[in-house]
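If you look up Swiss-Prot, you'll see 1-7, 761-782 marked as topological domain 'Cytoplasmic', on the strength of sequence analysis. Here Swiss-Prot flags 8-28, 740-760 as transmembrane segment, drawing on sequence analysis. Per Swiss-Prot, topological domain 'Lumenal' is recorded for 29-739. According to Swiss-Prot, the N-linked glycosylation site annotation covers 77, 105, 219, 368, 387, 401, 432, 451, 501, 605, 613, 646 (among others), on the basis of sequence analysis.
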């Protein structure tokens with residue numbers, strides 16, 4: 001019995017040794033197999049190299065729907081605008097946040113290089129998130145400097161120096177283009193045609209009346225004049241006496257069911273040129289009739305004519321309709337077309353503008369017309385004292401045609417026109433003008449409109465409350481939906497809000513990581529560019545796309561920095577590794593954007609530490625991007641003149657938490673600030689002495705770049721959804737399962753052998769020990 005127990009012990013020990021050896025072997029000899037299995041699982045879960053990839057839908061945009069990608073804003077509110085305009089420092093407060101859910105959609109997708117590259121077009125959209133701590137962007141308003149106006153002056157200053165004027169004075173001059181367009185629109189309107197009819201109609205009526213009177217025979221019980229007045233006012237058919245063709249459009253009741261009922265005495269008063277209320281009186285009567293037509297039956301002029309002429313409202317209206325639509329359309333129009341040498345009445349206004357023929361060589365400003373905005377002559381011959389030698393048709397085709405880029409009714413065309421003078425080329429063949437005519441036009445635009453009458457100055461300054469240097473707008477207008485009235489008036493198609501919604505970009509190409517995991521989700525081309533051409537030197541498009549996916553499987557060789565291509569400022573930015581971190585129970589690595597991410601760099605036009613100069617990207621708008629509250633910017637360009645900034649690292653830091661196995665960014669908070677510049681020489685180069693801004697503070701340091709005013713703070717962050725975190729944990733669990741799967745038979749079998757051997761050994765030992773003790777104990781007792 002003892003021998004059997006010893007055999008059991010020996011066998012158990014042998015089995016346990018074998019089992020332990022197998023278990024150790026399973027862990028020591030198969031790590032390469034495990035890593036391959038794990039890597040393949042991660043690659044399958046991360047790499048998007050075909051439409052069938054596991055994460056294709058997430059990459060295409062579903063990820064932005066399922067997770068909360070938040071873009072949030074704080075607007076800077078200028079609390080003392082009037083003091084600032086009088087030379088005081090600015091006091092700012094931040095208003096917000098205004099939270100938006102940010103989503104993207106990738107479309108027109110194609111793969112190339114055997115799935116190593118993916119080409120796509122991306123669109124982005126932002127939707128305001130009501131609730132949380134978000135303010136309502138549609139009801140909250142703030143006051144600040146207007147980027148549209150600053151951009152306008154900044155752009156104009158490049159040319160105004162050559163012309164020897166300030167940017168604002170050049171603005172007044174160029175505003176002559178839309179001002180002239182406004183003149184011509186009025187002169188080409190039905191209202192002006194009616195004025196021309198009222199002015200010229202009496203002459204041609206008298207001619208027609210004399211012709212007709214000569215054909216009326218004298219076999220009447222009354223005089224031909226009385227007969228004409230009776231027929232003119234009440235005949236509903238062509239009279240039998242007189243030439244029938246000459247009666248055409250000479251009868252106010254013609255074709256009506258019943259006569260007008262106007263008395264003979266009233267008819268005599270209406271058509272008596274000596275009566276100051278007469279339709280044919282060119283001294284006072286013309287003003288009464290024009291104002292009555294323009295201002296309607298309730299106007300004072302209408303009522304005066306009714307009373308003085310002894311007719312009622314219906315009768316007066318009937319006379320007006322006949323005069324404008326009957327007589328003048330037939331007789332006066334043809335004469336005006338002939339005099340102006342034009343084929344269409346639509347060019348009558350241009351004829352008046354360059355010749356003054358339609359109003360008998362008089363300006364429209366000379367007529368006593370209620371609510372007429374032109375108090376001084378606006379026509380070129382009267383304003384300049386000389387006529388142009390070109391015809392009306394030539395002027396319309398070459399100078400005032402809205403459909404051509406060089407039209408003098410646009411600030412672009414007028415700018416080109418003035419440039420010919422500033423460069424002394426005097427080449428105006430583009431407009432088919434002689435030098436004399438060109439000098440007349442330049443004198444008109446440079447001197448007469450801006451400075452003599454103030455038309456263009458007043459027109460520009462009329463927009464200053466809503467479109468000037470400092471304006472008040474809702475948050476929604478500042479961010480997305482700004483309508484700048486001054487830009488619209490000038491015909492400038494330029495966005496005046498800081499952001500764009502539902503934008504569709506040019507195609508981009510990204511590495512999928514199929515051939516090189518380190519390139520996963522890095523740009524090859526950003527919007528068709530592999531090298532950016534907007535900067536002063538070569539800037540290659542490099543870095544990860546801003547959608548949160550970095551290179552996977554970096555846990556064993558953790559990168560000390562991550563380079564992201566920042567789409568808003570068009571340059572690569574590097575974040576440096578800081579420490580370990582954790583997001584919702586998942587181990588991550590924390591990275592930060594360094595403080596000096598925008599150093600002085602001539603390639604990027606950066607002249608001040610902490611400011612990214614984006615003026616060239618935004619059509620001359622002097623935009624400078626910084627960290628929040630201008631953190632890292634020297635005080636002489638920030639807190640020295642700006643009150644309300646919170647320049648602390650904790651406020652401005654930009655963190656990113658990377659899960660290094662999958663390469664997923666589980667948390668980040670990108671924070672940038674938009675600032676606007678007013679240069680130190682703005683008072684001498686930008687602002688006109690005729691304007692409102694010359695008292696604004698300007699640093700006395702001649703080397704200063706001016707003052708930079710904060711506009712808005714932009715933040716973008718993302719928090720993975722609970723579902724995504726749970727899915728990530730499940731993937732880790734699956735990866736762990738994949739990891740042990742190849743050795744499960746060996747390890748489990750080895751473990752069983754180990755356990756069985758230990759059990760057998762223990763049992764054998766126990767039995768041997770029991771028998772030995774039993775034997776010894778018996779001897780003792782005994």
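The backbone N, Cα and C atoms fix where each Cβ goes, and this holds for glycine too.
Quantities reported herein were computed from a predicted structural model and do not represent experimental measurements.
Around the Cβ of residue 501 (N-linked glycosylation site), 13 further Cβ atoms fall within 10 Å across all displayed protein chains. Under DSSP, residue 368 (N-linked glycosylation site) is assigned to coil, being neither helix nor strand in the three-state scheme. Taken together, the residues of the topological domain 'Cytoplasmic' (761-782) have an average pLDDT of 37. Here residue 105 (N-linked glycosylation site) comes close to 60, 61, 122, 123, 125: these same-chain residues lie at least six apart in sequence, with C-beta atoms under 8 angstroms from its C-beta. When the CA atoms are compared, the glycosylation sites lying within 10 A of residue 605 (N-linked glycosylation site) are 613, out of the candidates 77, 219, 387, 432, 613.
Closest to residue 219 (N-linked glycosylation site) in space, going by CA atoms and restricting to the glycosylation sites 368, 501, 646, is 368.
Cα of residue 368 (N-linked glycosylation site) to Cα of residue 432 (N-linked glycosylation site): a distance of 37 Å.
Least crowded of the glycosylation sites (77, 387, 613), judged by neighbouring Cβ atoms within 10 Å of its own Cβ: 387. Shown are the glycosylation sites 219, 368, 401, 432, 646; of these, the residue with the fewest other Cβ atoms within 10 Å is 219.
DSSP assigns residue 105 (N-linked glycosylation site) to a strand in the three-state reduction. Using CA atoms as reference points, the glycosylation sites 387, 401, 432, 613, 646 were checked against residue 501 (N-linked glycosylation site), and the closest is 613. When Cα-Cα distances from residue 613 (N-linked glycosylation site) are compared across the glycosylation sites 401, 432, 646, the shortest belongs to 646.
Of 387, 401, 646, all annotated as glycosylation sites, the residue with the shortest Cα distance to residue 432 (N-linked glycosylation site) is 401.
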